Amino acid sequence: MSKAKATADKCLSNNSRIQSLLSQLEKVNAEPLLFDSDNTRYVTAKILHLAQTQEKTRKEIAAKGSTGMEVILCTLENTRDLQTILNILNILNELASTAGGRRINALISKGGSRILLQLLLSASKESSSNEELMMVLHSLLAKVGPKDKKFGIKARVSGALNISLNLVKQNLQNPRLILPCLQVLRVCCMNSVNSVYLGKNGAVEILFKLIGPFTRRNTGLIKVSLDTFAALLKSKTNARKAVDRGYVQALLSIYTDWHRHDTRHRHMLIRKGILQCLKSITNIKIGRKAFIDANGMKTLYNTSQECQAVRTLDPLVNTSSLIMRKCFPKNRLPLPTIKSAFQFQLPIMPTSGPVALLYSMPPEVDDVVDESDDNDDTEAETEAEAENEESDQLCKNDDIETDITKLIPGQELGRTLEDLKMYERFFPELTEDFQEFDLVSNEPKPGAKLGPIIVPTAGEEQPEVPNNFMKDLEKRSCNISLEDECNKRPTFLDMPKNVTNKGNDGLGQQVHGDIDRSCYYFSSDIVKDLEKLSLRKPSGNHPCRNGCVSAKDKPIFLPHPCNKSTSNSGSCSNNLFEKHSMHLSPLCCSGITPDDDESSPLDELAMREITDFDNLLPLHDPDLYIEIVKNTKSVPEYSEVAYPDYFGHVPPFFKERLLERPYGVQRSKIFQDIERMIHPNDIIDRVVYDLDNSSCSAQDESEVLKFNSKFESGNLRKVIQIRKNEYDLILNSDINSNHYHQWFYFEVSGMRTGVAYRFNIINCEKSNSQFNYGMQPLMYSVQEALASRPWWYRVGMDICYYKNHFSRSSIATGGQKGKSYYTITFTVTFPHRDDVCYFAYHYPYTYSTLKMHLKKLESLHNPQQVYFRQEVLCETLGGNGCPVITITAMPESNYYEHVYQFRNRPYIFLSSRVHPGETNASWVMKGTLEFLMGSSTSAQSLRESYIFKIVPMLNPDGVINGNHRCSLSGEDLNRQWQNPNVDLHPTIYHTKGLLQYLAAIRRTPLVYCDYHGHSRKKNVFMYGCSIKETVWHTNANAASCDMVEDSGYRTLPKVLNQLAPAFSMSSCSFVVEKSKESTARVVVWREIGVQRSYTMESTLCGCDQGKYKDLQIGTKELEEMGAKFCVGLLRLKRLTSPMELTLPPSLIDIENELIESSCKVASPTTYVLEDDEPRFLEEVDYSAESNDDADPDLPDTIGDFENTALEEEGFSDSEITRTHTSGQST
């Protein structure tokens, strides 16, 4: 007890003692005439002793409300006694050294910076300045300066810059004194005006004298000198001066010397300081030239290679990489023009916009490169990483609409009712009386094709498949290590297109003798197990197609002319894909050489096995697909069919995880690119594929890969062989455009096994990609398909996305200069020799595939239950029809009451695929269509609840011709909804007309949803429209929370968040942006008056939450999302009409709470995406200069704010999630 009391007394004594000492100083400051130097010296010495020994003393002096800091600074300002000044400076140093941030800020707020600079000025005027005073004073200024934002200006105005610089000049041999002086100069150089001022006064030359070759002496001084020198060189004037004096060569020599002698890596910071100086100099053009002339590329490349083995030297490797990439000469794309290789003449010419500008350019203009390409003097201040720049913009989003008048929705049809009557014929359901229909009987009509098809949900396994088979299949498929015994397949023959059906028999006999038999070997276990994969019980008497070859007979492949001029299309495809044989038509571009020429008795078994996929692909008919392709009109007039589109895709039976990116992979790829300049003799640089040069044919050499993209939705413009197994690929621009390079779909053949092939797509435009965050490209192998694995699967290792050295001309960037393209690079080792493989950005879904699926759905549906109508809404610019679908339930009878109920069902309007490269939108739509046409109770209930009007492909021309974003008009159709042109944007004009017609007859849809894909976010989510949430984000109106708005727009997303595993409510946004005012979502909400108007975005990558966390998205999951959307609409009806169905009271209460949820929830905007793309441990910037802004020409690719929404209230779903439909999921 006495010990505690003694401690308390001691603390009290210490506190009272420091207060007493400060009171004495305060009295002296109040009465300057009574100033006693000895007493002041004694008091400050005592305070210094206490500050050095006791933390409580330091806290007391700087405590909030304490006058200790003011008293000490006031004493410093008034005294002229040297020892007193030194005592006070040391006191302040002690305060700044511990818990420095807060205490230094307190010192600055009391005017400490001004007092210290004045003291420096007065001390310099002394005839003989005290070295200790200057050292202590500069040491304190070096700590205060970084915390004072105006320190640089204060130092320059007070004249302190010259004082510090002169001290360095006069004391070059006194490291103890000049070290703190250099620290102060380093802080002052953060101000660009100060840097220029110091440079004019000889600072560049002085600092360079302090830098030298390897030494073990004064390393601290050398480190600070280098940091100060690097800061000084950020001024372009100083950098030019350094170049003129030959400092670039000298710095490279110094760096090499330190690298050679610092074998234990103890002086890594000095070596990095030298690199920082080079980095500052190479911000200017002459600096980059001097670096290259001094052989800097090779010097840094060699030293970096030696450093890569030591992880602690990564900062040196990264900085060296950044310098080399910056100095890598800017190259033009090896193209004659950046405009599309395909030309399409528009019916009318736009008067303004990018297309008009494109056509107004004289033919002689070189649009690939311009004089800006190597004139980008990059200021160091702008070299923040792109993620940080995006993060800074989180504070404010100027794109959010602030005009309340524009936010208030209202029906503005813009067309008269008479004009809109042209759309009456697309709504036969409103006038149909069903008098000619027999609706009394529930029995199906004779001859109708019935038999439900099960749509598999992504999370369900088929019970018919044995566990041992699934484990074995998953083990083999996940490793992509497929047995050699399944590699072999028949020869595919390329037949001349001018052969007619006449005389096929004779020609077939002639060819038959020349066909090499290919051997197959299938494990009997695989055969037995695959027979069980059918989702329907196989019919015992399944009829064979016309021309089908018996399973007992050896299949004979006959050539057939399948060009579009063939008169008898039916016979053309008889033998193309038969029940027990499979053969690509002559439309398929490439032949395949079998692995060996030996024949096998198991050929028959292999061919029979392929028939199982008829059951897995009920909506796929290769013969029908060929017929549809012949009538599909493309600008290049394609005459070939890609094998995956012909044969079909079955979702693999294994999950594909997001790829974990190995450390250092991006850096390794960058160094391989740098080697192109350092070792130019190793570069082959041979064009192996070129759409612009029809004479460029595939090489006959067996070591060279062969490429092709001349088929529907294909996109690959040019391929250049760089090294033996490395190829640069260039994508084609959208037609009538000079950019939008993202979608790719091409064929590769002639590969060898065990060889790692590197593919670089070098003209990408977006500043980042999900390829950096786990996404892989897709591959389809013909040999795998013939071995009963006909699916697209994720492939590729060492995948990364980074800025390259190919420059974008200002013509392609809307006037912005100095921008570069980006590279997607991936490495693939093919499992089969001489295979034919296809690569795609995402799962392809062509226009012909859509038409085939619609025809199959129509033929499979039950006409007594399902009201299905397919009509052509309009003809596109390219001459292709745009289908519009009507789906609902047939009335119970043709009695008036039932017909009246049929006609008065609310409308749901859906659309999809306005952007051709977003193929996932079509797969989601496929899931929706199959569910709606299904025979399950839920599907029937949904059809009885709504009339569905669906435009499944808004941009057929763009899809057909391999565009990524535009139609043939060269414009983004999703930016034309405000004022679509009937000649240039017919599909948008007439789709909007359908909606306007519904609004005009007072049948405004309950829900409108446009299906899209998102390339830079994970999960599935929705964008909606809300006045209140938009105003809330602008902070323009503090009373925005008092606004009254129906929160029903949130109901459907909340329901989907409960139903769909891939859906994420936290990624949804209901903010209206200015840049999105002409999109379908906003126009339908504002002009048509649909409150529940949405864009549903599906990831191209995968999920980071829920059931599919860390998995890449597949077609099974996408189709499941489409089906879950339908279930969500059924739940929406129950939520908005809870008394319509008999539900448990508890469920009704919870569902009502969902509707009444508060609108105070903050919703993210669609601006910046940070958490979805976290930084890597590997601190390598994917861009060369790290100064990328969001792409102005791609405003809709910008990410979202971090979600601040409250956690949504959930409820259990008792719905049956397994849906049985009359269309089978593929």
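Cβ atoms here come from the backbone N, Cα and C positions, even for glycine.
Marked as active site, proton donor/acceptor by Swiss-Prot: GLU1097. The Cβ of GLU1097 (active site, proton donor/acceptor) has HIS1012, GLY1013, HIS1014, LYS1017, VAL1020, PHE1021, MET1022, TYR1023 as same-chain neighbours under 8 Å, each 6 or more residues away in sequence.
Per Swiss-Prot, the feature Zn(2+) binding site maps to HIS915, GLU918, HIS1012; the stated evidence is sequence analysis. Annotation note: HIS915 (Zn(2+) binding site) sits in a coil segment as assigned by DSSP. Under a cutoff of 8 A between CB atoms, and with a sequence separation of 6+ in the same chain, the neighbours of HIS915 (Zn(2+) binding site) are ALA921, ASN955, GLY958, HIS964, ARG965, ASP972, ASN974, HIS1012, GLY1013.
Swiss-Prot lists 366-392 (among others) with the feature compositional bias 'Acidic residues'.
Residues or ranges marked as compositional bias 'Acidic residues' in Swiss-Prot: 1182-1194 (among others).
The annotation domain 'Peptidase M14' is assigned in Swiss-Prot to 843-1133 on the grounds of sequence analysis. Taken as a whole, the domain 'Peptidase M14' (843-1133) shows an average pLDDT of 93 in this prediction.
Summarising the annotation, Swiss-Prot assigns region 'Disordered' to 366-400 (among others).
The annotation region 'Disordered' is assigned in Swiss-Prot to 1182-1201 (among others).
According to Swiss-Prot, the feature region 'Disordered' maps to 1206-1226 (among others).
Those same-chain residues not listed among HIS915, GLU918, HIS1012 yet with C-beta within 8 angstroms of the centroid of the Zn(2+) site C-beta atoms are ARG913, VAL914, GLY917, ASN920, ALA921, ASN974, TYR1011, GLY1013, HIS1014, GLU1097. Remark: GLU918 (Zn(2+) binding site) has HIS842, HIS1012, GLY1013, SER1098, LEU1100 as non-local neighbours, by Cβ distance under 8 Å and separation of at least 6 in sequence. Other C-beta atoms found within 10 angstroms of the C-beta of HIS1012 (Zn(2+) binding site) number 26, with every protein chain shown included.
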